[in-house]
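Undergrad: Starting off with a structure, shown below.
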Number of protein chains: 4
Amino acid sequence: MSQNIQKIAVLTSGGDSPGMNAAIRAVVRSCAFHKIKCIGVFRGFEGLIEGDFKTLGPRTVKNMINRGGTFLKSARSKAFKTKEGREKAYQQLQKEQIDAMVVIGGDGSFTGASIFIEEFNFPIVGLPGTIDNDIYGTDVTIGYDTALNTVVEAIDKIRDTANSHNRLFLVEVMGRNAGSIALNAGIGAGAEEILIPEENLGRDRLIDSLKRSKKAGKTSSIIVVSEGDQIGKNIFKLADYIEENLNEYEVRVTVLGHIQRGGAPSCYDRVLASRLGVSAVDSLLDGKSNIMIGISHNQITTVPFSEAIKNSNELDLELVRVADIVST
Amino acid sequence: MSQNIQKIAVLTSGGDSPGMNAAIRAVVRSCAFHKIKCIGVFRGFEGLIEGDFKTLGPRTVKNMINRGGTFLKSARSKAFKTKEGREKAYQQLQKEQIDAMVVIGGDGSFTGASIFIEEFNFPIVGLPGTIDNDIYGTDVTIGYDTALNTVVEAIDKIRDTANSHNRLFLVEVMGRNAGSIALNAGIGAGAEEILIPEENLGRDRLIDSLKRSKKAGKTSSIIVVSEGDQIGKNIFKLADYIEENLNEYEVRVTVLGHIQRGGAPSCYDRVLASRLGVSAVDSLLDGKSNIMIGISHNQITTVPFSEAIKNSNELDLELVRVADIVST
Amino acid sequence: MSQNIQKIAVLTSGGDSPGMNAAIRAVVRSCAFHKIKCIGVFRGFEGLIEGDFKTLGPRTVKNMINRGGTFLKSARSKAFKTKEGREKAYQQLQKEQIDAMVVIGGDGSFTGASIFIEEFNFPIVGLPGTIDNDIYGTDVTIGYDTALNTVVEAIDKIRDTANSHNRLFLVEVMGRNAGSIALNAGIGAGAEEILIPEENLGRDRLIDSLKRSKKAGKTSSIIVVSEGDQIGKNIFKLADYIEENLNEYEVRVTVLGHIQRGGAPSCYDRVLASRLGVSAVDSLLDGKSNIMIGISHNQITTVPFSEAIKNSNELDLELVRVADIVST
Amino acid sequence: MSQNIQKIAVLTSGGDSPGMNAAIRAVVRSCAFHKIKCIGVFRGFEGLIEGDFKTLGPRTVKNMINRGGTFLKSARSKAFKTKEGREKAYQQLQKEQIDAMVVIGGDGSFTGASIFIEEFNFPIVGLPGTIDNDIYGTDVTIGYDTALNTVVEAIDKIRDTANSHNRLFLVEVMGRNAGSIALNAGIGAGAEEILIPEENLGRDRLIDSLKRSKKAGKTSSIIVVSEGDQIGKNIFKLADYIEENLNEYEVRVTVLGHIQRGGAPSCYDRVLASRLGVSAVDSLLDGKSNIMIGISHNQITTVPFSEAIKNSNELDLELVRVADIVST
């Protein structure tokens, strides 16, 4: 164990995701377990620069594991992108005698952390916290499983109306440039079609496919559209196009929006966040830095920030085939 | 009991709402209880015209009470607005030897039913099935309570993100020209402001109020906007206006959309639908017609279709005051 | 308005129920609205005696409306049943210069409050907070609607297994000596039989009824049993009796237990709690005391503590009939 | 592809679990995709013996993916344990010209299937369907993820009351002889202690640990007890023992029971079931038999029935350590 580390800071950065509180709690309690101090930094790198700190003990984080969002709050920081801002942040860390830090966020946050590490030789490990599941080096990110459940529960409700009225619904889901949410939630929600950025189906093949479905006896349909998909990018225009070219269904659009980011985390996300939080402290105490801790094949794994940032996950072709078959 | 009624038809019409299946089930089992036959009509008045019928027995409706939507499906029928369409519908009823009918829907459906009754002297009673709670003559409509829960659960999720990022969210909810959903779900979700069609707050008073909230220490805000509200009518423009004139928060918009119509009904809606379904059959057997059956002061009540259609509910000023006080 | 009241205390007492936090929040914000102070008392009358107080402002109660339980905590106090204990409690109130109090709880709490009022002429109003809906003078209590939803959602899950295995399930629900939860949740969950303390069906009639159901083609069954029901009192023995005398189903027992008391309150409970909390402060400022504030026919109503305590609600015979018919 | 397989049967056997319907749906649609026929067998091996069959097409299974339980129903069959019963089952398969079969169930079902394969050289593949996650050869079983969510949501509710009253709750969860549910749901629910069959903590160490928690400032506690745990086996006795030896908390017991088996499956379970269902048909068409298809390291994997039956999964020591640390 690294004898030098007596105080660890933890912050959340970028978009919030369910399970971030569970991860913070695990970091805090892991520090207590190892008898070192833990400091919470409010509002991400912004609060780091301003020294917006609070000592966190095991009881501070009680009843936090089941809350959505992040009680440390999050923010996007322009100041941290400047040398000056990072300099101030480092001074705050020095002043508070903090020896290492855990950053929970996405690749933007890791980019910032990585620069900071190089500049000040300050130990940081990252945990992947985003619903989008778009980070290289981990099979899943904290919040992703919860978001999938939120999406399928929402579409289950929409399906009630779709069935009752023989309608076609276009449902837009989050995921930035990754189709993970759309593909998995689309399978889970029993979608007839799934439009993802990684594949370009084309509008005409979509129309053809919907015609075949109609012929095969389908009376209502759900199409899940990833926000990053090209033909679904303007989902309202796509709806008009389908109405004009299919002439079989009334078409309706629902943009699920921010309900996907919140909510009590699923058990999976709570356990994942707990495992990663414990590992983050272990890693720092082991002298590690400049890495993200993830999960691969259900085992804790690490990847250098540099790789997590520059690579992206490949489309899972088995899943694409499953989606195709189960929507028969 | 009216000895003439041996067979009752039931249909759902207009927008679907959670609890419609529970109401159908109650009608079906009530018929069985009274040892008369029950015929389900698919796709509302459209299916009535086409004779799209199915005999429903007590076991047909098992495991239906907890399903959203309507298994009889619903539709808006242009044909039923014509004399010719209604003539065909009447012939179908005659052919099937149906003696009376229960129509579950909103005021549009009751208008159609009322004309039909006058033309053919055919007994019909109506049950209020809509999430909008905008029907005169009943304190609540079937589906309304479930929609309120869906809305507050969605806003609870959005609040996680609002809190985590110190943001202001505009959340659009359904309700047509009635502010019932917005007002009640707004109170339930702890909204800072609620915009409803019955009141015109005005954009500037909204900005003033948000400024006061900010001064009072609020760091995030939820504004619930009824789809029928005038200043909220274009919610994206309103968001821009707030960002320009408040300059304190990032503003985000979520349009909850069709998730509000679906989902397993709440216990309240299941019980309400069961009570109304039983009463509908009672009323027809008692020789009643041309009425809607509702609930007033927790008692079964009836109102002529003519009144249900032409009147609208008044805004509950006590609730408006409560909303005002609890958002202090 | 009573000019004498400058500071109001609020406490929760007896078993917790969902919506108590919403009620506290409404009391706190209503005090702020009227520009008077509000003091939270922890752990009910026990904390009152010990002077376990905290000043509550509008921001203290933010994000509280959707939380189950009571953040002021609750307790049953033996000491408050003694003259000495109540004397201490009064001294604490004097010391803190508290002028009036809101007590959220059940009839046990109101009994204590009533004695205290008589002894010290100290103004108190009560709000009915219990899932059991067993308090005279209000149609519904805070937490009851949420508990009903919890019960039907649990039974919906159990029904999946009952259907899959052609089993009969006995499900015990709370409610003390009142059958409200069992009757309403039983209808909502589509129970075949509902055993409530207000009616004594008798074991043999139960067996006969189940035999008829089986003949009528039912392949699985849910029987909802109120904890206060006589023949269901030992639910495991009842299960054995049914297995011995029916010989048609495997019988299983589930005691839902404490999940019924918790959870995020339903929209209805949040709105109800908000209305009652606002009214409680209104009433105290109007010089009222020794009353419980409830809801009757959807209007705010008041009843003297003495009546709330000694009377009990009558069984709703319309509902009993509905339950009977819809389980056909 | 095996040209001999033109018709595949599918059945569910043993205890039901959420996601079984999604698995059946995937098998059915996969058959349609490969243009072969699919026959549903009702009530597991019992219905196989009786020839209780139904042809399943892609539209038969619509709106099935989100339903708990199994629409094919399940049963435990004594007859299938006899040579005579299996002989009849084989004749039914011959009569219906069924070429292969998918069995969804647990190890008891696989044992039966394995004997049948040996006796009649009839191709069968198995899918692991049980909430208990106690099957060797797969990281997760269909239904397990949903059960975990059900358990943590239930305990979240119980925690509201535990917090409100400073109580200790013992919560019994399912899992037969495996601690998977208890360990994961215990971490997810933020339990203070988790009692699992794989570890014997001993009552005195439990008391010591609870004393330490109390000293560390915990005011309420949740202990999750696996039904298979030795000291928790009689959970009511354990509660008494704790009350006698700790004298700090009121202790309450909740046995979660059958709510754990039901409910709409989580997205994860729906996707898992879809993947496994598709693979089952693939495997049969590839000429495979006598294997269970599972998931290992997020990849489809297969294991001979013989191994799936005789081995059991090892306790995940990383998780045990995480549980220990996060309950600090």
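Each residue, glycine too, has its Cβ placed from N, Cα and C.
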Undergrad: Which of these, C:Gly15, C:Gly175, C:Gly179, does TrEMBL list as part of the ATP site with C:Arg76, C:Ser77, C:Gly106, C:Asp107, C:Gly108, C:Ser109?
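TA: TrEMBL lists C:Arg76, C:Ser77, C:Gly106, C:Asp107, C:Gly108, C:Ser109 binding ATP, and from C:Gly15, C:Gly175, C:Gly179 it also lists C:Gly15.
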Undergrad: Per TrEMBL, which of C:Glu193, C:Glu198, C:Glu199, C:Glu227 sits in the substrate site along with C:Thr130, C:Ile131, C:Asp132, C:Arg167, C:Met174, C:Gly175, C:Arg176, C:Arg252, C:His258, C:Ile259, C:Gln260, C:Arg261?
TA: C:Glu227
Undergrad: C:Arg86, C:Arg159, C:Arg321: which one does TrEMBL list with C:Arg25, C:Ala26, C:Val27, C:Val28, C:Arg29, C:Gly190, C:Ala191, C:Glu192, C:Lys218, C:Thr219, C:Ser220 for the ADP site?
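TA: My reading of TrEMBL gives C:Arg159 as the candidate in that site.
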Undergrad: May I ask for the distance between C:Gly108 (ATP binding site) and C:Arg29 (ADP binding site), taken between their Cα atoms and rounded to an integer number of Å?
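TA: So the Cα of C:Arg29 (ADP binding site) lies 27 Å away from that of C:Gly108 (ATP binding site).
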Undergrad: What residue among the binding-site residues C:Val27, C:Met174, C:Ile259 has the most other CB atoms lying within 10 A of its CB?
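TA: Going through C:Val27, C:Met174, C:Ile259 one by one, the largest Cβ count within 10 Å is at C:Val27.
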Undergrad: Return only the integer: C-alpha distance in Å from C:Asp107 (ATP binding site) to C:Ile259 (substrate binding site).
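TA: Cα-Cα distance, C:Asp107 (ATP binding site) to C:Ile259 (substrate binding site): 22 Å.
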Undergrad: At a 10 Å cut-off from the C-beta of C:Arg252 (substrate binding site), count the other C-beta atoms across all protein chains.
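TA: If we count other Cβ atoms within 10 Å of C:Arg252 (substrate binding site), we arrive at 17.
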Undergrad: Can you tell me which of the binding-site residues C:Met174, C:Gly190, C:Glu192, C:Thr219 is spatially closest to C:Ser77 (ATP binding site)? Compare CA atoms only.
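TA: Closest by Cα distance to C:Ser77 (ATP binding site) among the binding-site residues C:Met174, C:Gly190, C:Glu192, C:Thr219: C:Met174.
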Undergrad: Write down the Cα-Cα distance for C:Thr219 (ADP binding site) and C:Met174 (substrate binding site), rounded and given in Å.
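TA: A Cα-Cα distance of 27 Å.
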Undergrad: Let me spell it out: for each of the binding-site residues (C:Asp132, C:Glu192), count the other Cβ atoms within 10 Å of that residue's Cβ, using every protein chain shown. Which one has the most?
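TA: Counting Cβ neighbours within 10 Å, the top one is C:Asp132.
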Undergrad: Among the binding-site residues C:Gly15, C:Ser109, C:Gly190, which sit with their Cβ under 8 Å from a Cβ of chain B?
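TA: Checking chain B against the binding-site residues, the residues within range (Cβ-Cβ under 8 Å) are C:Gly190.
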Undergrad: Can you name the binding-site residues among C:Asp107, C:Gly108, C:Ser109 whose Cβ is less than 8 Å from some Cβ in chain A?
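TA: Filtering C:Asp107, C:Gly108, C:Ser109 for a Cβ under 8 Å from chain A leaves none.
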Undergrad: Do any residues at least six apart in sequence from C:Gly106 (ATP binding site), in the same chain, have a Cβ closer than 8 Å to its Cβ, and if so which, in order?
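TA: Set apart from C:Gly106 (ATP binding site) by at least 6 residues yet with Cβ under 8 Å, we have C:Ser13, C:Gly14, C:Gly15, C:Pro128, C:Gly129, C:Thr130, C:Asp132, C:Asp134, C:Ile135, C:Thr141.
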